[in-house]
Structures are given as structure tokens and as C-alpha cells.
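Note sheet for the following structure.
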Amino acid sequence: MERIHVTVRARPLSLEDAKTSPWKISSNSISIPNHSYKFEFDKIFSENCKTAEVYEARTKVIVSAAVRGFNGTVFAYGQTNSGKTHTMRGSKSEPGIIPRAVHDLFQIIQQDVDREFLLRMSYMEIYNEEINDLLAPEHRKLQIHESPERGIYVAGLREEIVASPEQVLDLMEFGESHRHIGETNMNLYSSRSHTIFRMIIESRDRSEDEGNDNSIDAVRVSVLNLVDLAGSERAAKTGAEGVRLKEGSHINKSLMTLGTVIKKLSEDAENQGGHVPYRDSKLTRILQPALGGNANTAIICNITLAQIHADETKSSLQFASRALRVTNCAQVNEVSSNPFPMFETSFAFISFFSSLGCVERDISCLLLECEKIEYFLCMNKILYDFITIYQCCQNRTGKLGTSLLSSAG
Ligand SMILES: Nc1ncnc2c1ncn2[C@@H]1O[C@H](COP(=O)(O)OP(=O)(O)OP(=O)(O)O)[C@@H](O)[C@H]1O
């Protein structure tokens, strides 16, 4: 059991705001002198800190654990304009947590000569309580499902097989161009949606490949979520009207549910038979495994120390402080993958089709088709599924389908 790791990052202030700031930071605690409250965290980063330090504090460890098969989630929380996107995505001059994690991930994998890896990425946004696929903008209003094999998942979400950090970041750039961003009085480029950037990491021991055709490979499958939440906002401050007001109300509502989930978990409600309302928002439902479940989780709470936002900052710190009391139980996710096609993992899938002599492009195409028809849910109907897949793919991969059918026959 390990608790959620919580750090706080204060954004830079104007000279004027710095002069009137009521907050005092001392080591890992933050307070307003002469007020009763004082908050303590794992680490507090003041305004001059760089994203590299924030990354090193915890995300780096979560990324390397994800390579070893542990799920990981890192999210930035805070009011609008507090620096969440700056922290998670960053800029060319100061790359954020996501590009840093992606580069680290590939570096760690390259150094691990004993295992072979398969990486997939997805990128989604939750906009006005609807899930949109940022890698396939035509996939909108996606639904959340749950199954014993896959746990909680977003049906129809595109998962691209990726082979380099550059490829991942190009895809992310593509996704960004479809993300909902809008201007408010508080932020010229305000995120109007929550985004979840996800890497799915499968790996297996290279030695298990050698010699024994009947071996049951143990494949590790872990998920790394890097989340840029939209910021809580007050319409009086953002000046939101019409579409912006509607967006703001969806954002606030889902953040309120996140707050309630964290509060319930911090009170240990689940173990005392209480109800934790994960299903009250898409955000908490998707992040359920990271909140009190099987994952290493870190929260970066972005704040501003300006006097004018003291109430919002206090409420962000209260949220973060409760999160410190939430415990998770991260375990290595290992599945046995039978060499005959019971494809619990994409690895098993790809290995099987590679062994039939199929080229990579055909396999990628087939994998996409399989995901569309949720192939992974019907693991036992092998022959029947082969024919279904063949029918789905025959226009694009006729040759592959033919070799599949002869092999199945
Ligand atoms: N630590 C920082 N150093 C330098 N600039 C920062 C920092 N934090 C935030 N900023 C700047 O402040 C502005 C607002 O930041 P950002 O868009 O990241 O806020 P946000 O919390 O994501 O807002 P929203 O919730 O509205 O999307 C940006 O111009 C960003 O570059």
C-alpha cells in the first residue's frame, strides 16, 4: 500500500502581486500567517523552479515503474491559469512532464536488453462530459466500458503502435490541434477540456522466446496516464458567457466529483462500506484505477500565491491535502499469454501474426480492425473470430486473410 504522492507548484507572480501575497512557504509547508490553517506536502516548488525538478520529484520514478509493469498516473490539478498545461505539456524552451516522460520511457526501454517491448499510445479529451478521441477526431462521444479482461476502458479509442519519442510527440501535436482551447478573461489559451495522454506498455522476457514453442509467455501490461485537467473557474472572474459558461460548468462539476471521490477515499469510505461516486463523472470513472486502486499516482497541485486568488488557492490546497491520505495498491500486471491465439495482449497478437509471416503494416491494420470490433473481448471463439476479422479486413489485407484462414483451417 502506498499513498498518493502530492506536490505543489506555485506559478510566477507579477511584481505587484508578489508584494501583496499573503502566503508564506517554508520548506514543505504553506500557510497564511495568523490564519489557523497550514498545509504540508511531499514537496512545494516555488515560483522559480523548473519543470525538470517537478518531473524528477516523482514522475520519473512512476515512469520507470510503468516499464516494470506497474500502472502509473500523474495529474495536474488547480484553478484556471495556475500553470497546469505549462507543467504537463510545457513549451519548446521548457518541455513539460509529458515530453520528458516519453523520452525517459524510450531511454529506459532501450537499456533493458533482457525484455522486448511494445508501446501504444492514445490521447483523449473529456469535453462537456463527452469523450473525444484526439488521435481520431471523427471518433466522438465514446463510451466507457468495463470487462474482466480489460478493466475500465474507452471503447473505440485509437491506440497507435509507436516506436520512437518523435513519433509519440508528433501524434500528440496532432491531437493537440483538435483539443478544445478557448479564451477567457483569465487565460488566453484556457483548456476547455480534461486531456488524458496514455501510454500502454507491454513487455516480455526475451529468453522465453528461445527454444520452447509451447511455452506460456508472461507478458506485463501497464498503463501510464498523464493528465492535464481543465481548471476550476469562477464565471465572475473568467467573464464566461454562452459556450464558455457551459464549458466552465461542466469543468467545475467534474472537478467537484473528483473532489468528492478524493474526500471519500481519504475518509476510507470504501473500506467502511461507503459509496465512492466514481461513476458520477467520466473523469473519475476513467481515472478510477488511479484513485485508490492499482496504480502509482502523483498529483501536482498548481497554485498562484496572488492575494486576489487566495480563496481558490486555499480550496486547491485542501483538495491536495486530502489526496495525501489516499492509499493505492500498485501491483505488477502480468498476464499469461498462450502462444495459440488467445490474444490477451497486443504482444501475443503481433507475435502470432508475425510468426505467420505477416508484414508489420498488415498487422497494424488488422489490430486496428480488431479493436473496432472489440476482438479482445471474445477470446475463446478463435476460429469464428478469424473469419470475422478476415471479412472485416479482406479489402485491405486479402493476402493476410488468406494465410490466416489456411492456418486456422
Ligand atoms: N511556472 C511557470 N513559469 C512560467 N510561465 C508559467 C508558469 N506557469 C504558468 N505560466 C504561464 O501562465 C499562463 C497560464 O498557464 P497555463 O495555460 O499552463 O494554465 P492552466 O492552469 O493550464 O490554465 P487553464 O486551466 O485555464 O487551462 C501561460 O502563459 C503559461 O506559460
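Each position is counted from 1, following the chain as shown.
Backbone N, Cα and C atoms are what each Cβ position is placed from, and that goes for glycine too.
Caution: TrEMBL annotation is automatic and unverified by curators.
Residues or ranges marked as ATP binding site by TrEMBL: GLY78, GLN79, THR80, ASN81, SER82, GLY83, LYS84, THR85. The C-beta environment of GLY83 (ATP binding site), restricted to residues of the same chain at least 6 apart in sequence and closer than 8 Å, consists of ARG9, ARG11, ASN302, THR304. According to DSSP, GLY83 (ATP binding site) sits in a coil region rather than a helix or strand.
Per TrEMBL, the feature domain 'Kinesin motor' maps to 3-326.
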Specify the count of other C-beta atoms within 10 Å of the C-beta of LYS84 (ATP binding site).
26
Under 8 Å Cβ-Cβ from ASN81 (ATP binding site), six or more apart in the same chain: what's there?
ARG11, MET186, ASN187, SER190, GLY231, THR304
Using the Cβ center of GLY78, GLN79, THR80, ASN81, SER82, GLY83, LYS84, THR85 as the ATP site position, which other residues in that chain lie within 8 Å, going by their Cβ?
ARG11, ALA76, HIS86, ASN187, GLY231, ASN302, THR304
What number of additional C-beta atoms lies within 10 angstroms of the C-beta atom of THR80 (ATP binding site)?
24
Can you tell which of the binding-site residues (GLN79, SER82, THR85) has the fewest other C-beta atoms within 10 angstroms of its C-beta?
GLN79
Any idea what the model's mean pLDDT is for the domain 'Kinesin motor' (3-326)?
91
